[in-house]
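Working notes, beginning with the structure itself.
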Amino acid sequence: MASSNHDKEKSHHNAATNTDTVSLEEDWTPTLVDIEKAEHDEKNKAGTASSQCSSDGERPEHNVISWSINDPGNPHNWSATRKVFVVIAGIVLVFNSTFGSSIAAGASQQTADYFNVTNTVQLVLPTSLFLVGYVLGPLLTAPMSESYGRKPILFVTFLIYTAFSLGCALAPTWAGLVVMRLLCGMGAGTPISVVGGVYADIYKTPQARGTAIMIFMTMTILGPLVGPPASGYLAVVSWRWAYWLQLIIAGVSWPIFIFMPETYGPVLLKRKAAEQRQETGDVSIVAPIELENKSMQELITVILARPFRMFLFEAIVLSSCLYMAMVYAVFYMFLQAYPLIFEGVYGFSPGEEGLTFLAIFVGSVMASGVYFWWDHYYEKKRAQNPAPKWTAQEEYHRVPIACIAGPLFAASIFWLGWAARPDVHWIVPTLAGIPFGLAYVLIFMGLINYIVDAYEAFSASALAASSCSRSLFGVILPFAVPSMFSHLGIAWACSVLGFISLALGVIPFVFIRFGEKLRANSEFCQELRRLKEKEMARNGP
């Protein structure tokens, strides 16, 4: 045992004195491989060598490499131009995913007429089954991106999305169309879950990462808003043109995505280790990820089960998921309710009705200004000497904008419901979309940034739990729209949604009050903090 411990200490010394040592910055963020390697070290005091032994029974020593402080291969050290390109590529993928989610809404009646579908519940299926795919896809792919890298996972899933977009355009039957929409959604769900992790890969400071995620969130609402008016006008020619447009946008996006580099640090470090082995002939050079030889059982129980574990046992993730899921579901319920309001009450055409969603887009753009204002105000206060005590609490960096947005979101729903009457001009309920879009984006900006900051290396799994839960709500609740609005009427149907949203709006306030305690009791946050302290102590000044 002493010999093994000596080997372990020697291996650590080699890694610390090698030119590829990890940087000792205050904002050093451990990767998932770092965490799993640390767990492996704790459980196996015999060291981190490979399971294969030499013929004389001695275990060959590993020279475990890591990033140097200014290593250009580390995504944190990439040029601003390269990072911006990655952000743009992520935006393109997310826009495709969200645009595809709502493209069926504007052409639903024409599609139903073509296939002789008269059941109102079935009219929701092309959108709802797409969101079912949102649930199923990320459960597998988001955790895998934390082991195999972002690019290959995004490549495969975007290829699936593109292929089945073609299938939707050519679908010969109603059953064929809804199945194609399901498979298309499975491919589209991954960017929603993984792109946030991509931005965490390249931006190490919360400020830069928050700005990228703010842009990401704006795209998540822009896509669904553009879909209905586009398909509404194209459906006049043919409902198939809605899906041809979806395919065209995906095709135009491929050249941008193809040149997007891999961003996941552990995978890039593995490539670097392979290059060094080839150049030097030293087979002992390895990256931390190469020490993790997980069995299939471990892959399933540890990696793929992580989003479920975080949803069930992490209070921050569970609460955030429930709130964002309800907010998300209300938006997709409005995709079904707006035709009932603006076509039924005001006699709009499908294309004209789709244009009313632009008010929501105006609100979402305004959210960017509010986000930047709060971020600037927070940083200004934190820079004061002495800084106010509240700036030291992590929750105050992200969550306050969600606190503001919660009551505003509920108020916008009441506004829409009680203003949608024949004796009230159509512009009045339309304008309710502005505070709705503003609040929608601010809630997501605040809570998603909070999750990414709190869980860092585990953020992709946490976001996968978030994506799946809100997609599940987005699948189920829109089925209730025809019954709710026919039995309760527009005003009271919206009021029910408003009261539920108002009740869930207390969650950000709970984070402000108890967030530090929740993070202190979190298994994942504790592991991140422990590993940071261990690395600082091991490599100290």
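Glycine is treated like the rest: Cβ placed from N, Cα and C.
Quick caveat, the model's predicted, so the values are computed rather than measured.
Summarising the annotation, TrEMBL assigns compositional bias 'Basic and acidic residues' to 1-12, 34-45. Feature annotation from TrEMBL assigns domain 'Major facilitator superfamily (MFS) profile' to 86-516. TrEMBL lists 1-67 with the feature region 'Disordered'. Among the features that TrEMBL reports, transmembrane segment is placed at 84-103, 123-141, 153-172, 178-200, 212-235, 241-260, 311-335, 355-374, 399-420, 426-448, 460-481, 487-512.
Sequence-distant contacts of the transmembrane segment (487-512), counting only residues of its own chain at least 6 positions beyond either end whose CB sits under 8 Å from a CB of the stretch, comprise 316, 319-320, 322-323, 326-327, 330, 333, 337, 340-341, 345, 395-396, 399-400, 402-403, 406-407, 409-411, 413-414, 416-418, 420, 443, 446-447, 450, 481, 518. Of the two recorded stretches, the transmembrane segment (355-374) lies close to the transmembrane segment (399-420), with three or more CB pairs under 8 Å once pairs fewer than 6 apart in sequence are set aside. Long-range neighbours of the transmembrane segment (399-420) within the same chain, counting only residues 6 or more positions beyond its ends whose Cβ lies under 8 Å from a Cβ of the stretch, are 327, 330, 341, 345, 370-371, 374, 428-429, 432-436, 438-440, 442-443, 445-447, 450, 490-495, 497-499, 501-502, 504-509, 511-512, 515. Non-local neighbours of the transmembrane segment (153-172) in the same chain are 93, 96-97, 100, 137, 141, 144-145, 180-181, 183-184, 186-191, 194, 240, 243-244, 246-247, 250-251, 253-254, 257, 260; each lies 6+ residues outside the stretch with a CB under 8 Å from one of its CB atoms. A Cβ distance under 8 Å defines the sequence-distant neighbours of the transmembrane segment (460-481), meaning residues of its chain 6+ beyond its ends; these are 121, 124, 127-129, 131-132, 134-135, 138-139, 142-143, 145-146, 189, 192-194, 196-197, 306-308, 310-311, 314, 317, 320-322, 324-333, 335-337, 340, 448, 451-452, 493.
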